[in-house]
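Structure first, then comments.
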Amino acid sequence: MEERHKRILQRNRVNLVRDLNPSDMYDGLLSKGIFTQDMIDEIKRSGTRRDQARQLVRDLETRGSRAFPALIECLREKGQHSLPDLLLAGEPQSQPLPLPVHVRPVVRPLPVYSHMDTVVSPVYPSQPVRPLPITPVYPSQPVRPLPTPTTPSLSPEREFGKPRAPGRVRRDSSIQSYKMDASPCGHCLIINNVDFEPQSELNNRTGSNIDCDKLERRFKSLNFIVLVKRNLKQKQIRQELSALSKKDHSQYDCCVVIMLSHGTEVSHNRFPGAVHGVDGPNVPVQLITNYLNGQNCPSLQGKPKLFFIQACGGGERDTGFEVTPDEDKPCIGGTDDQTDAMPMSSSSDSLSTPSDEPDSRATLPTPSDILVSYSTFPGYVSWRDTQAGSWYVETLDNILEDNAAANDLVTMLMMVNHEVSQNSAKGLYKQMPGSFNFLRKLLYFQVPPCQRPIQA
């Protein structure tokens, strides 16, 4: 929907919620292709007539440029003329452009100056001055005509302003939202590696089951089909991702992969990071995301594919830097904070106790509609409390619970970044999450009706 139409609906939301009868609108909006039957059923489940009207107006804003004219047409078809008149009151009416008027120029005679050394003001003759006959003068060389444009400029912007660069096409600047109304919304695969084999030389990830349980409950509440796999070796991780890519996702709108494991940096051609199997060998996150790209999983083409990586991005520990008092509001982590990194020898290791372990970073391929959210900045450890779970997952879960009904995913991940950055492990170490975002649209999760915001 165009921004001007969104603003009209938002300005008149109180009147629409009060006067609109949603049941009169359903058949018309369905026949005009604005809503699907599933969307209408979901609106009907939202509650009272006012709740349904509020949800209908909110959903209309996501249904493209035809939604506003279709609403006006449906209202008039049902005899609700006062609402379309109200909505169109602030809408500029389209008027035909006036035809060009050809005006002959008026020739005014040049003034005749009095014969004085100093000319103060011009003196015009009392009689009209006849124009002198003009004798044409032909050049000795032929004159080349000026080039004529092949396509006339009809746009006022081209007529009076700076012409646009050739080949550039102006597009609607409004950002669309992904379709996220399928029920279920899609598959969510959680791989939770906790108990590592001795030959891996990696410590067990105590507290990761807390993260796994939180995320399983959260994404079930967001209407995903959640599958949890625990303690997978490298080969098994790849097998599960391959099986996910071979599923038919055509009836779903989204796909989510969550990796909870140790991680490390690896050599790469585009994006760094890898996640360890419980046997030790790792799977590059670039490879993990490639399983679901448009080439390897055609039924997910054009649909958002989300990857959440709770693991280390490397072995460095961030001690932060001094900030002004307004910025310095740390949340001190507990004494049981650990990381999910492969053991490394570095000078910073001597500052930590044996209970500290870091969490890994992932890599991202270039295809569109992919977002990879990292628990930590590349090269650094990610902290996990053995009693409460990781900083990143705990914060992500809280942010989704409090904000998924009103905010898009990218906005919520920025909230996660801010909240995690305020924590401190041992009163010393910091953590900074981040993401690689290749989404083309805004992404709003489905939320239970009880979590939807009440609008005026």
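Placed from the backbone N, Cα and C atoms, the Cβ positions cover glycine too.
Keep in mind that what you see is a predicted model, and the values were worked out from it rather than measured.
Pulled from TrEMBL, these are the features on record:
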ACT_SITE  His262  active site
ACT_SITE  Cys312  active site
COMPBIAS  321-330  compositional bias 'Basic and acidic residues'
COMPBIAS  343-355  compositional bias 'Low complexity'
DOMAIN    1-90  domain 'CARD'
DOMAIN    184-316  domain 'Caspase family p20'
DOMAIN    360-445  domain 'Caspase family p10'
REGION    136-171  region 'Disordered'
REGION    321-367  region 'Disordered'
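Over all protein chains present, the Cβ of His262 (active site) has 31 other Cβ atoms lying within 10 Å. Across the residues of the domain 'Caspase family p20' (184-316), the predicted structure has a mean pLDDT of 91. In the domain 'Caspase family p20' (184-316), the DSSP tally of helix, strand and coil residues is 38 helix, 38 strand, 57 coil. A gap of 6 Å separates the Cα atoms of His262 (active site) and Cys312 (active site). Residue counts for the domain 'CARD' (1-90) under DSSP (helix as H, G, I; strand as E, B; rest coil) come to 64 helix, 0 strand, 26 coil. Note on Cys312 (active site): other Cβ atoms within 10 Å of its Cβ, all shown chains, come to 34.
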